[in-house]
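Chemist: Below you'll find the structure I mean.
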Amino acid sequence: LEKLGVTVLPDNHKNDEYFYEIIVFTGQRKSSGTKSNVYFVLHGNDDETNIRTFADPNREILQRGGIDAFLMSVPKSLGLLNCIRIWHNNSGKGSSSSWFLKYLIIRDLQTMETFHFICQKWLAVEEDDGKIERLLPVASDLEKQQFAHLLAKRTYHSVSDGHLWFSIFSRPPSNQFTRVQRCTCCFVLFFFSMFLNIMYYDLSTEAKSTNSSTSVSLSFAGLYITSEQISIGIIVEIFAFLPSLLLIQFFRRLRPRRPQQSPLRKALYKVRRTTQNENAPNDMKTKTKKRSTLMFPWWCIFIGYGLCLMIVGVSILFIIARGIEFGDLKSQKWLTSILTGFFSSILFTQPIKIIVLAIFFACFCSKSNDENREANEWLDDNSVDLNYDEEYLHEKKDENLFTYRNPIRANRLTENEVISLREERLKEIEMWSMIREIVVYLTFLLFLFIFVYSDRDLNSFLQVNHLRKYFLNTRQENLDFTKISTVDDYWNWLEKSFIKNLRAQKWYNDDPPRNLSGFINDKSNRLIGWATMRQLRVKSELCVKRDFIDQLCSSDYNFVNEDRNSYQPGWTNVSSTNPISSFLVKAFQYQSNETLDTYIYQGNHGIYGKGGYIYEFRGNLFSLQTNLSQLHENQWIDNRTRAIILQLTLYNPNVQLFTSITFLTEFLSSSGVYPSVQFQPINFQIFSSTFQLISAISYLLLILYFMFVELRLMFNLQLKYFLRFWSFIEIGIIVCSWTSLLIYIWRYRECRRIENLFRETNGFVFINLQFTSYINELLTSLLSFSCFFGTIKLIKLCRFNQRLFLFISTLQYSGKELFSFSLMFTIVFMSFLCLFYLLFISKLSECSGLLGTAQMLFEMMLMKFDAHQLSDAAAFLGPFSFSLFIIFVVFICMSMFFSIIGDNFRLARENIKDTNRHLYSYALQTFIQWTGLKKTNDEDVYVQKDERMRSEYRNPIEQFPEKVDQLLNALNSIYVNQSKDKLKLKTL
């Protein structure tokens with residue numbers, strides 16, 4: 001109710017009998033309201049006001065999004081208004097000193113003429129042009145009908161009053177549609193939507209049964225979204241819209257129980273009263289304008305609440321009845337769709353409707369009579385007849401002709417003072433921006449680290465370390481997998497080490513392993529299904545005839561020469577007469593990846609395909625030993641074998657970890673055997689605690705915030721945005737984060753598939769986790785890069801420290817020179833890379849590949865290389881090449897690099913700005929004053945007193961304009977009194 005009142009300006013004079021109503025509209029932007037003292041001077045064709053002040057001792061005015069009405073009295077009419085000069089003294093604290101003024105409406109209460117003054121600018125030292133004073137001319141009809149002005153008014157009113165949910169909190173104070181009534185309509189709308197949704201919910205089940213082949217659905221974490229549910233949601237929203245609209249209009253058109261007086265008349269009654277009848281409220285004659293709007297009597301409010309109660313009751317009754325029929329699972333799906341529709345209506349449907357309607361009315365209905373909808377409660381369309389036989393409510397003091405009204409001394413800030421305040425305010429804004437940036441980013445890093453590290457199981461390393469020692473058997477040299485160099489070594493490891501570890505055997509006291517069926521010999525890990533051994537072979541080719549010797553040869557493995565034929569045991573096409581197990585026969589027959597559920601595997605010496613010849617380790621220990629012996633006898637591994645991939649999947653119920661193990665043994669055409677192994681632990685538990693889920697959601701919300709910041713920065717800087725180093729860091733964080741989210745969902749779906757398969761088969765089927773491990777590795781890589789980019793960005797936050805800022809400036813100054821140097825260094829380094837690779841490819845293991853050669857050269861740059869290896873490999877070329885590398889790379893290139901860094905460091909130190917250092921000092925000083933650690937000294941007190949004395953002291957020259965105004969006011973009073981006497985004589 002306080003916001004509805006019309007404030008009588010405290011500087012109104014009691015003898016002034018001409019009134020103006022001033023309505024001030026403050027913007028909705030952040031920090032738009034002000035606590036500074038606002039002054040204005042109104043100019044007309046006939047006269048102008050003194051310096052007047054917007055003030056109200058009873059309530060706060062000029063708040064964000066506020067509409068404030070004031071009653072101003074002047075000695076006589078100002079005529080047609082021309083302009084208004086408005087400013088403030090910037091006395092508010094912090095952001096409360098600035099003010100965003102939308103526009104003003106001033107009405108002459110005698111002639112009922114209305115004047116608009118459009119501003120739409122900041123009166124703030126830190127915004128726009130930094131001005132705190134504006135000269136606003138009267139807006140023409142064309143300016144009042146401009147699209148931007150109308151769109152701003154329509155959008156504000158639609159959000160504050162048209163959005164049913166948001167208007168509960170942002171309802172205009174003048175609106176008769178109360179918050180209680182709005183809450184009631186929301187309550188009815190929600191239950192009516194639930195009623196319609198549950199009545200039509202079975203349509204989705206029927207649609208699924210009839211269109212099961214074309215139905216598209218998505219289920220994630222208990223959320224079920226289908227195309228049928230979306231269509232039903234649209235139908236429900238359409239059906240629920242009409243009753244809710246009728247109910248809202250019914251409440252809007254209720255008359256008040258008692259006739260209400262306009263705020264303007266209440267303000268006039270405070271300062272005037274008729275001498276004829278003090279108690280009559282009709283002291284101001286009005287001409288009532290009849291409204292043609294349909295309105296209902298006040299008692300119809302009981303009918304409205306009764307309808308609401310009836311709709312809610314019927315809806316609850318049907319919801320309970322149908323909910324019992326649905327069952328638990330279907331009710332959960334229905335509630336999920338209800339909540340989804342509820343939030344989408346609030347966040348998407350209603351805002352889109354508001355924006356579309358605002359643009360439509362601004363474009364096609366710009367001449368609507370409702371252009372002053374926001375000010376209708378303050379602008380009384382009924383004319384007010386002010387008689388001259390009225391007197392003030394307060395005692396009227398006698399005045400002579402030369403009684404002078406002391407003007408308000410509103411000390412306008414000089415240009416230098418405004419500049420000083422602007423610099424001070426910008427420092428304060430930058431300080432809070434720095435604090436906000438640091439706090440937000442540290443919070444983001446905290447949630448990022450929680451999200452990343454909570455996905456890492458602390459038992460993963462211990463599990464892998466145990467399995468590595470268990471299967472590789474590195475303590476026995478003759479059974480060490482890592483030291484396999486021949487085919488016989490591989491068979492020896494399989495028969496004497498691997499299969500014995502693959503089955504649970506007796507305990508140390510010779511007790512049988514009860515209830516350990518499916519467990520390996522460590523008694524802790526259970527084998528999922530069985531282990532498989534897949535062989536990849538190459539086709540036989542005829543060697544080129546040399547020295548009259550013909551020989552069948554085999555090349556290295558590739559996808560083209562892979563052998564895909566099926567054979568009989570012994571790699572022949574003749575069936576054996578001896579009885580052989582079906583597992584052995586199957587091991588000599590090629591199987592494609594469609595039947596194996598296998599994937600491409602990359603080794604150290606090649607990339608291997610999906611298919612192959614499979615042997616499954618099924619049966620007890622004796623059967624496995626017998627089968628392996630027969631495979632060995634039938635030469636399952638021969639000279640055409642190029643790779644054997646042995647895979648098994650383990651599950652440790654103690655730590656709830658799956659482990660995918662892959663033993664790869666590569667048989668090269670050069671007769672070398674190269675073993676390698678990979679252990680990939682996978683944790684299928686996702687969001688094991690509520691805290692992890694909250695951290696993940698907070699992390700994604702902060703990513704959305706950073707995306708908004710970067711998009712706004714990209715829009716402002718355009719192409720210059722991509723010239724900034726930190727832009728790529730931000731893009732890296734955003735891209736890695738969203739890609740990680742997609743991979744995370746992908747891994748989640750794959751884990752659910754494996755869990756369902758494990759639950760259906762009870763673990764008695766081979767489950768290949770190779771593809772899941774690939775997804776897990778990709779997710780780990782993306783999350784690692786997210787942490788990397790996120791940690792690198794901490795350097796940007798350290799720019800407020802002078803020394804670290806000097807480091808960043810050095811890199812910025814030396815950017816172009818380092819780019820040119822990197823081109824030259826790359827050419828020199830590549831030349832030495834080719835030299836060492838070609839010279840020592842067959843003599844040094846480090847030079848067997850380009851990557852190893854590059855690694856060796858970097859070690860030589862750091863002087864951490866044994867030069868004797870080169871001299872042993874080549875007595876002359878080794879030391880000679882080493883000397884050339886030291887001279888050109890270490891002495892010349894590295895010296896140039898250090899010179900570039902040193903010169904630019906000196907340049908950055910000379911040209912470094914003191915902004916960040918002063919900002920840090922300003923923040924520290926502000927913190928000390930805020931905590932009270934530093935007391936105000938005598939010098940600061942003296943400065944404050946001096947400023948106060950200078951503001952109060954005025955020399956005689958400055959008082960001369962006031963004396964002239966005093967004389968003019970006396971002459972004006974003589975003229976006004978003569979006019980009044982003539983008017984009274986005419987009435988007599």
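Yeah, the Cβs are placed from backbone N, Cα and C, and that goes for glycine too.
So TrEMBL lists the following for this protein:
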| type | residues | note |
| --- | --- | --- |
| DISULFID | C543-C553 | disulfide bond |
| DOMAIN | 18-137 | domain 'PLAT' |
| TRANSMEM | 180-201 | transmembrane segment |
| TRANSMEM | 221-248 | transmembrane segment |
| TRANSMEM | 294-321 | transmembrane segment |
| TRANSMEM | 341-364 | transmembrane segment |
| TRANSMEM | 434-453 | transmembrane segment |
| TRANSMEM | 686-709 | transmembrane segment |
| TRANSMEM | 721-746 | transmembrane segment |
| TRANSMEM | 818-840 | transmembrane segment |
| TRANSMEM | 880-901 | transmembrane segment |
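I'd like these features described in context: how deep, what's nearby, how far apart.
Modeler: Mean model confidence of the domain 'PLAT' (18-137) amounts to 88 (pLDDT, 0 to 100 scale).
Long-range contacts of the transmembrane segment (294-321) within the same chain: residues 181, 184-185, 187-188, 191-192, 194-195, 198-199, 243, 247, 250-251, 253-257, each at least 6 residues beyond the stretch ends and with a Cβ under 8 Å from a Cβ of the stretch.
Tertiary proximity for the transmembrane segment (434-453) is limited to same-chain residues at least six positions away from its ends with a CB under 8 Å from its CB atoms, namely 691-692, 695-696, 698-699, 702, 705-706, 783-784, 786-787, 790-791, 793-794, 797, 800, 919, 923.
Using a Cβ-Cβ cut-off under 8 Å and counting only residues 6 or more beyond its ends in the same chain, the transmembrane segment (818-840) has close neighbours at 846-847, 850, 853-854, 856-857, 870, 873-874, 877-878, 881, 884-885, 888-889, 893, 896-897, 900.
Long-range contacts of the transmembrane segment (880-901) within the same chain, counting only residues at least 6 positions beyond its ends with a Cβ under 8 Å from a Cβ of the stretch, are 810, 814, 817-818, 821, 824-825, 828-829, 832, 835-836, 839, 857, 860-861, 863, 867, 870.
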Chemist: Please work out the helix, strand and coil residue numbers for the domain 'PLAT' (18-137) from the DSSP assignment.
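Modeler: The counts are 4 helix, 61 strand, 55 coil.
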